[in-house]
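These notes concern the structure reproduced below.
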Amino acid sequence: MSTKMTPPVEKNEFIDVVFEDLTHDGAGVAKVKGYPIFVKNGLPGEEAQIKIIKVKKNFAFGRLMKLHTESPYRKDAECPVYSQCGGCQLQHLTYEGQLKAKEKQVRDVMQRIGGLSDVPVHPVLGMKNPWVYRNKAQVPIGEREGGLVAGFYRQGTHDIINMESCLIQAEENDTLIQEVKRICEKHGISAYNEERNKGTLRHVMARYGQVTGEIMLVFITRTAELPNKKAIIEEIAAKFPEVKSIVQNVNTKRTNVIFGDTTTVLYGSEYIYDFIGDIKFAISARSFYQVNPEQTKVLYDKTLEYAKLNGNETVIDAYCGIGSISLFLAQKAKKVYGVEIVPEAIEDANRNAALNNMTNAEFGVGEAEVVIPKWYKEGVIADTMVVDPPRKGCDEALLNTIIDMKPKRVVYVSCNPATLARDLKALEEGGYKTQEVQPVDMFPHTTHVECVAWLKLV
């Protein structure tokens with residue numbers, strides 16, 4: 001007969017704890033008799049008094065009441081709405097402390113999930129200035145006391161916090177969005193009301209080319225009709241000559257999904273342009289494009305370094321998206337084949353290849369685990385395989401294809417260290433050896449960490 005484990009803490013109990021670690025969403029982790037308690041704002045090494053606010057079978061949540069000792073990496077958050085917004089999780093940790101925490105996170109999962117205790121994990125490559133790095137802002141619009149508000153959702157709710165600026169957002173986007181809000185208010189544009197499914201303006205999005213200085217503005221509306229459209233566009237274009245594209249997307253559905261199906265260019269071009277390194281990219285309203293191009297270049301340079309290309313190789317880029325890594329690789333490879341399940345992304349990839357006069361990159365639509373075996377049967381054999389999967393990691397069928405195809409080198413770009421560790425373990429069981437893992441800080445002040453690793457066939 002099984003005995004039911006009783007949690008060692010009770011709701012509303014006050015206890016003293018020492019935080020041992022951070023969770024993937026930035027909460028401090030303390031343990032009582034091996035039972036984990038998650039506490040927002042706790043930092044590793046700190047001793048604190050907490051109040052238990054929720055008790056579950058295998059874990060509890062607590063509230064930080066009093067710090068007995070402070071981490072040397074603790075600091076006051078610079079953002080006035082940090083505690084409400086939820087966009088950043090680590091502003092109460094110095095940047096040096098953030099990089100150390102992310103390195104530890106990667107080391108821990110390599111050992112715990114991958115069993116890869118001997119693999120070198122390098123210190124995280126951080127930013128010189130870890131602020132104003134985001135080139136895209138998607139801002140919900142609401143109404144309060146007759147005026148428009150624009151900002152971000154309060155953590156865990158759909159209440160909009162009105163914000164004049166965001167410290168991780170490009171200042172150009174912040175300035176534009178605040179002025180657009182004022183112009184729309186002046187011209188009587190109503191905000192979308194989620195509960196009543198009324199009103200016009202749902203979101204405003206700005207995309208900024210950090211190298212070119214070009215900006216795209218997107219109005220996401222509930223209705224195809226945007227009142228006083230001509231006057232609004234004229235005023236924005238006159239005030240912001242760097243705005244090269246104004247686009248309207250219509251989303252008529254009662255949904256949390258931001259974009260609808262219909263997109264129309266109201267002013268200027270369908271695209272703005274930007275560079276990562278020497279590669280030029282066309283960016284549309286719906287294009288996937290990395291939000292931190294400065295660190296994307298760091299990540300891609302490391303990917304290119306790990307690929308060790310000399311101009312004679314055939315490379316396959318699985319999960320190629322808009323072809324950004326493929327085109328970086330094509331600078332040094334004989335031939336690059338990219339595959340991606342989203343047809344629009346492949347259209348962008350082909351457009352970007354043409355934009356850069358690259359004739360040695362070829363793209364196919366479909367699931368990597370289906371297309372790559374087909375290419376293999378047709379005689380396309382990769383010397384180097386590059387994978388950049390979504391957070392869930394590589395499909396098992398793709399890993400098996402890599403093991404069957406036996407490329408001499410595999411470069412794995414990851415946005416989730418846990419699935420990276422799992423997949424490296426699978427590749428090691430299939431005859432590969434992980435050589436090194438390089439974490440890159442793409443999103444300072446958040447808990448996210450990107451990695452690039454490489455393996456060789458042994």
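Along the chain as shown, the residues are counted starting at 1.
Here the Cβ of each residue, glycine as well, is placed from N, Cα and C on the backbone.
The S-adenosyl-L-methionine site recorded in TrEMBL comprises Gln290, Tyr319, Glu340 together with one of Asp261, Asp383, Asp388, namely Asp388. Those residues of the chain, other than Gln290, Tyr319, Glu340, Asp388, with a C-beta within 8 angstroms of the mean position of the S-adenosyl-L-methionine site C-beta atoms are Phe288, Asp317, Cys320, Gly321, Ile322, Ser324, Ile325, Pro389, Val413. For Tyr319 (S-adenosyl-L-methionine binding site), other Cβ atoms within 10 Å of its Cβ number 22.
The average pLDDT the prediction assigns to the domain 'TRAM' (8-66) is 97. Between the CA atoms of Tyr319 (S-adenosyl-L-methionine binding site) and Cys415 (active site, nucleophile) there is a gap of 13 Å, rounded to the nearest whole number. Put simply, Cys415 (active site, nucleophile) is 8 Å from Asp388 (S-adenosyl-L-methionine binding site) when counted between their Cα atoms.
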